[in-house]
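Here's the structure we're looking at; comments come further down.
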Amino acid sequence: MESSLLLVEHETGEHNLGIVGGASVKKWTSVYDHGISLLTITTCLLSLIREREWVTGKGKEVNMKLKQRVVLLAILLVIFIFTKVFLIDNLDSSAANREDQRAFHRMMAGLRVELAPKLDHTLQSPWEIAAQWVVPREVYPEETPELGAIMHAMATKKIIKADVGYKGTQLKALLILEGGQKVVFKPKRYNRDYVVEGEPYAGYDRHNAEVAAFHLDRILGFRRAPLVVGRFVNLRTEIKPVATEQLLSTFLTVGNNTCFYGKCYYCRETEPACADGDTMEGSVTLWLPDVWPLQKHRHPWGRTYREGKLARWEYDESYCDAVKKTSPYDSGPRLLDIIDTAVFDYLIGNADRHHYESFQDDEGASMLILLDNAKSFGNPSLDERSILAPLYQCCIIRVSTWNRLNYLKTGGLRSALTSAMAHDPIAPVLSEPHLDALDQRLLSVLGTVKQCTDQFGMDTVLVEDRMPLSHL
């Protein structure tokens, strides 16, 4: 893997030195090695010329001409190697760097999503378009002119059925919208400025965290999180008339507020989610197409959730070496996806990813899908460094991820996320302390990678996206 330094100019006019994909250290090493080899060969040839008589009759004149030709040949070979190393071999890397920059600017230009109802250029429904977007390595494409219309439909389409949520530990409801599209509704549990104390995975799900996490996924260029948008629903007029008996049986009134507690592992009648009167704020997550069934995996850096019992990664600093020998982390993109997810989860404060999903029968080629991000943005003052364990134990990260993180430093991440969420129906989505925490955590991620590059070198730590991992 190759790496270099690139001076990145941000819109503020400031210049920041960011490590990006390129050639610097390895190229110099290559030139040094080739130069030493050529010098050795040239020295040997000159020694042979001095020690043996190769010609007779012309003596020193012929001997001198032969020496000059050998030296000239060595110079030409050095020029050829410099040309190959610094011009030809660097083209692919430079092109990748430029594409990273272009992708970043395209993302920034299209960051604001205005929820608009019209799809002027197609007769397809918003649900059909969203379903066609899904491929093994992304949930939605880089350029999404229809995104505003799809999210508008998610936030406004008529609810034709409501049921208890799928299996899980937290309260949710499964809604079917007009046109047959499934969405997962997560109700508001906390006000924006509420701070969840205790363990980093404590508390109820945060509906606004799902919204913020989706837009962060867009900003980081991962495109692995299902679409999420905020929505207000009237429990009395929109939900109860179309609710199943199982869901309806969990409704109750607390004061003047309509509430429900649903069906889940931790759902209790004593702990319902309550609307403001009849109107409840929440988030809706677009259900992935049924043609893409999911497969659940235990996260290799998952917690035990048992007091006094540590997982192996929490005490074994060489744990990553064992992971690299286990399928699907011994080859393919999955381990790099784990590293990306660690960065993502650290930024949002999510210490609860004990399992993850990919598409079925993928043989490790599918992306790690960023589902269930609601245990995030609980405490802006808590930076749970253990979330970054995959990064600082493996000490590898994608070049493209590293580039994107560098583009977003010095306030860029906060600004980008604020802009991305500005038009959401439940805006403002995050409180100011949570936005401030994002930029501070980003600096911690960059510092962690720097510690790795100081110890192992950039060529080891920064991994090209298409590089097979069997060598690690």
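Cβ from N, Cα, C; glycine included.
Residues or ranges marked as transmembrane segment in TrEMBL: 31-49 (among others).
Taken from TrEMBL, the feature transmembrane segment covers 70-88 (among others).
GLU357 (ATP binding site) has a Cβ environment of 18 other Cβ atoms inside 10 Å. As annotated by TrEMBL, ATP binding site applies to GLN170, LYS186, THR285, LEU286, TRP287, LEU288, GLU357, ASP372.
Taking the Cβ of ASP205 (Mn(2+) binding site) as centre and 10 Å as the limit, one finds 27 other Cβ atoms among all the protein chains shown. According to TrEMBL, the Mn(2+) binding site annotation covers ASP205, ASP372.
Feature annotation from TrEMBL assigns domain 'FAM20 C-terminal' to 254-461. For the domain 'FAM20 C-terminal' (254-461), the model's pLDDT averages out at 95.
Non-local contacts of ASP352 (active site) by the CB criterion (under 8 A, 6+ apart in sequence, same chain) comprise PRO200, TYR201, LYS375. TrEMBL lists ASP352 with the feature active site.
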Quick check for the class: what is the C-alpha distance, in angstrom and rounded, between LEU288 (ATP binding site) and ASP205 (Mn(2+) binding site)? 20
For ASP205 (Mn(2+) binding site) and THR285 (ATP binding site), what Cα-Cα distance in Å is obtained after rounding to a whole number? 13
Among GLN170, LYS186, THR285, LEU286, TRP287, LEU288, GLU357, ASP372, recorded ATP binders, what is the largest CA to CA distance in Å? 19
Students should find that the Cβ of GLN170 (ATP binding site) has, within 10 Å, a number of other Cβ atoms equal to 20
Cβ atoms within 10 Å, counted per site: which of LEU286, LEU288 has the most, among these binding-site residues? LEU286
